[in-house]
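As written in TrEMBL, here are the features:
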BINDING   B:106, B:146, B:151-157, B:181-184, B:189, B:212, B:269-270  ATP binding site
DOMAIN    B:110-299  domain 'ATP-grasp'
């Protein structure tokens, strides 16, 4: 089959963080060699066969990197489009540049989702104070002002409770191009982890419920306590996104579940064109993890089973949480993962632990 | 606790093969950095943070390596005792030199096991033709002549069916110091994977049944179709070996099950002071694999649960078997592992596949 990379091929990964690390390990388990390119040395470097440090803006370095590999993928959605294009000029880049364009800009993303008929919260483009006042008049308060670009883990966004806060809110987000989103009351947040192969087939993991602390993912619990038909709908919506992007790899789609009596029970919050923190439980609860399935997809392999053998609760270890490693290691139900970062700064993702229903003390 | 290595510590591994590779990945998953020392570059190098190539006999190189790590372990039982001693002069070596001494010599091993009251096949030391003729007179035929040292995967041994074959048999094993073993009829081979921590606690995985092809492990099936009380006895025997060696890490004990009507239902065939091919199914069927538990033990951590969430059949991919990777990758029950070796020579272990009872097509 065209585009299929045999074991021994080299997977290039842009990004040296923990997601790159877990991708690199999964690639190695399938017999691939891994070359990681990062703007700094990071956790992925310790498990990669080759590494390069350089700025993503150095297109010569990106081209040289791409020439050493058989396919290029990435662990973060803010890969500069220029870097993706430079890599794509010499090797396949999967997922493609279109997924990056859409995911890098909230406005482009929301328009894309609306255009393919998928529900999102009401939104308006905000470039200045006039735009914001108009948008608040239409959408009402409370509402959330979010920068179009570079927001993550609750950064780059501010909640507005009255129109008088407009000027302050624009300052708070650095007067960057933004989107105002209406606040839609919801029961819970779920996410959908969908993988799509180069043959266009998709597979979708069971849906986790996500809870946050200080704007950062705290736990993902699978199965989510959400009606089965809602989960099915969520899975179909994610697959629709993947198809519309002609996506190859693992796509994460965050959604809000509004409640069972709502005519439209789900809206899409945002998409991430990469493996996702809310899918880390697949490492321990499934035969084939999100990381392995991403690697399979970008290597042109058949997708692996997304079947789950256990119920699971994944909990992030943020900052000093990782100091509990000894207690966690002694818990019989816990599968512990530590990312090998040097310094446990506040808010930094240092590891995670997944507790499985099927493991008892023994 | 004394001797406990926190995440970020460096695990040194002697040996660059697939066992070292899987150990290195498990160490990384717990947040350790890994330095692999091998006499050649090998599969473990691709997933290690640091690597050194050198002969194991170069004690200066071994000392320099040991000084860069916090603990030294190994992936093969034929680590020269001089290398183990050089490393132990500067860092803890786990498991210790005693386990190597015992496992490197069949005669020492059989005497050790007999001395601690564990059953082995009848045996006699054979250094020359006279010894062999005497031994055959005592043990009868058929019998198996095995070199004391460097036998593995059926190499270094020959079956003797009559006393006239003595001279030929000694030639066949290169007239090396040897042991003659009486042939004991058995129902099947099982193995026991026992891990022991620095605090002396042990944990033992469920017992697999092993089948061989051309003298090389072909499949390991868990649970083994052997009565529960026999498995319990096997587990207790393995723990006894670990205790007698004051062992730290994962110990594999191969046994023959002689059948349920025998007064002594089990005899020990051999021990391996390392992670073992017959435990590869623990990667996919357990919360904590043999590799992770070995790393936990040598790092002084609490042992992880050895509980199993799935029944499993592990099949080795030997030589050209690995060319089936595309079909295997498409099987919904299969968890595929490929070791990243360059060349699929006959008899070479290229990967393995574990089929889980809990995964269905989805």
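Including glycine, each Cβ sits where the backbone N, Cα and C put it.
Predicted automatically and left uncurated, TrEMBL annotations should be read as such.
Where TrEMBL records a feature, it is marked here on the structure.
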residue: B:106; record: ATP binding site; Cβ within 10 Å: 24
residue: B:155; record: ATP binding site; Cβ within 10 Å: 13
residue: B:181; record: ATP binding site; Cβ within 10 Å: 21
residue: B:184; record: ATP binding site; Cβ within 10 Å: 15
residue: B:269; record: ATP binding site; Cβ within 10 Å: 17
Practice task
Quick one: average pLDDT across the domain 'ATP-grasp' (B:110-299), no decimals.
Solution key: 95
